[in-house]
Ligand SMILES: Nc1ncnc2c1ncn2[C@@H]1O[C@H](COP(=O)(O)OP(=O)(O)OP(=O)(O)O)[C@@H](O)[C@H]1O
């Protein structure tokens, strides 16, 4: 039986056990059958709704054959509405009822739109002087809301205000809630119930019988479960401090800090679902979640669909934010530092201007106009280029200006300027002069070569030349940095940090004017009259998503996960996607792998602008047992002296295991991974220094797909039943932020942790490496 630490959401357990004691199985069975009855009723109602939707579809189709314009418009609207209904009902048919709250009478007798009473606090006299009370209202909570024929709520949507007490109520501040129940079901069958008592001091009655309490609480049941390679939603056991973040108003910036395992990623995902529920018109297709790695994207991708939100939120790895890019390569720490630094902005601006001269531009311009040969020499051309480039306007967009300056210089040379005193005639003459020249092939060819249209990729490729980069980065990067950055750009494929540079270059260069693409045929376009009847269809979600992508992807809400890791250049890239957005930013400074947090904070503040921030802190570690959290705390003390570890919510009694390499590192790691595979049901992660990634994959070959090898930076945000952390010293020495990266590695396990030490770790007799000793 797991023990629990004190305070916060955990306190529920302590209260409950003291108050209730053991419960006989027959009571459990009876309670399961009570919930089964309710679920049966819900399904009957859902079936009725599905039949209704089907009938509407058929009826609408029949009406379509009648053919008057009014009937057609009505049919279209009905088909659309019924289709949406059917889809929702069918999609969310599985496991959508998961919670129940039993409430005291409220202060006022008002009902909200979901059919539930709105009061949060109990009415005076709801609790009798002898500490007994009657349950006045029972609400079931699920993934969508379902009303009975008479509009009484059978299920309340988890995001509706009436569902908030299910998450917010605690024994310290219970409100009207007496008992909170989590219902486990699969399809149409209720499998179990887990209860928490919010007012253990009360004897409460429901329909005359004493309220029974079953199980050890849903949170503990959820935390003890084996992990798979995909994250589960936490909708049934969101804790009060997490709920405050999820339901925080969308205005400005919601800023959340919390240590490892405090549910930041889970909370961010549930917040996206909540915002969609609150204001679907505003947010559908317009929420971006920025994640540090493609691995974390894949791990979290299933959560929103399980909350009924399929395809509405773009979850993108930071290396895939630019359309068409999917970078997974990592630069060495020193190259990453240079590329991520805001100094790079100045280098890119110079590169974008310098790149105009990449392909030996012509040294002179010769044209014939009004029967005269006109010529501009290299010196004049340089002067024109310099004056066209003044200021910070995007280089590609300056081409028309440069063209105009060339024409001015040629006009001057032609001597035609003084020919007419009448301004109208003079203007006409000038315009025919310009036309003459600009239609000449020689001029067009000159302009293309002298002011070529630049692409971000071409400029970045040009920076791979060390001499050239040295020129562009003079007095900005030091010669060592220039050498390393140039070398890294020569390699095949882009790194994660290159993507932010490409995005910046896109802004510095400006998009060349592109011919508009013809819109693809949208099948819903054929439903005439739909726009008027369904204002939400003004723009379909696909159209909106496409439009946003074409307009350089601006979003209505941007959620940044693992925000502590964004470099200044990455903040600029993300900032461009949310210039008018509201934001949710979640992170943990203690897990930052960026070597200069102050510089990153400055860039973050610039991206978020002056919008006011609402700060939240998450304080409870739901992932690691206390034994693992305590060990990780030793590294935290070295990495960020004085910072406080989040409180672990449970303990397993299994201490971390320490081993020292015996034969070869590979054989030891493989043995330890195999050992853990036998001890846990779910996944095992082996975390190594980045340079050992490939090697470690070979060590584990043949052990099956429950085990994976990860570089330390790839472990961000992920979790496993058990982990093997290989050579803490090697991970810590890999970069200036190495100790914080090691802290991340040590906090990935939900049950067991093994640390393998090599020579460099200086293990003591018990195998404990130097870095993890007291
Ligand atoms: N209220 C909850 N009920 C059940 N499980 C929870 C709850 N909150 C968090 N968890 C679980 O705890 C684990 C850690 O959550 P999550 O990955 O969101 O934490 P995090 O703060 O993002 O961690 P890190 O900073 O280490 O990436 C996950 O398995 C998550 O499902």
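Positions of Cβ are set from backbone N, Cα and C atoms, glycine also.
Annotated in TrEMBL:
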- 1-27: region 'Disordered' (REGION)
- 237-625: domain 'UvrD-like helicase ATP-binding' (DOMAIN)
- 258, 259, 260, 261, 262, 263, 264, 265: ATP binding site (BINDING)
Seminar exercise, completed: Model confidence over the domain 'UvrD-like helicase ATP-binding' (237-625), as mean pLDDT, sits at 85
Problem set entry | Those binding-site residues in 259, 260, 263, 264 whose CB falls under 6 A of ligand 1, listed in sequence order | 260, 263, 264
Exercise. DSSP three-state call for residue 262 (ATP binding site): helix, strand or coil?
Worked result: coil
Seminar exercise, completed: Given the ATP site 258, 259, 260, 261, 262, 263, 264, 265, its other Cβ neighbours within 8 Å of the Cβ centroid, in chain order, are 588, 618, 621, 622, 623, 646
Exercise. Which residues of the same chain, at least 6 positions away in sequence, have a Cβ lying under 8 Å from the Cβ of residue 259 (ATP binding site)?
Worked result: 588, 590, 618, 619, 621, 644, 645, 646, 747
Problem set entry | Cβ packing number for residue 264 (ATP binding site), 10 Å threshold | 24
Problem set entry | Chain-internal residues near residue 263 (ATP binding site), provided their CB is under 8 angstroms and they sit 6+ positions away | 234, 239, 242, 618, 622
For this session: Tell me the Cβ contacts of residue 261 (ATP binding site) under 8 Å, same chain only and six or more apart in sequence, or just say none.
Result: 621, 622, 623, 624, 629, 646, 719, 747
For this session: Determine the Cβ neighbour count for residue 258 (ATP binding site): the number of other Cβ atoms within 10 Å of its Cβ.
Result: 22
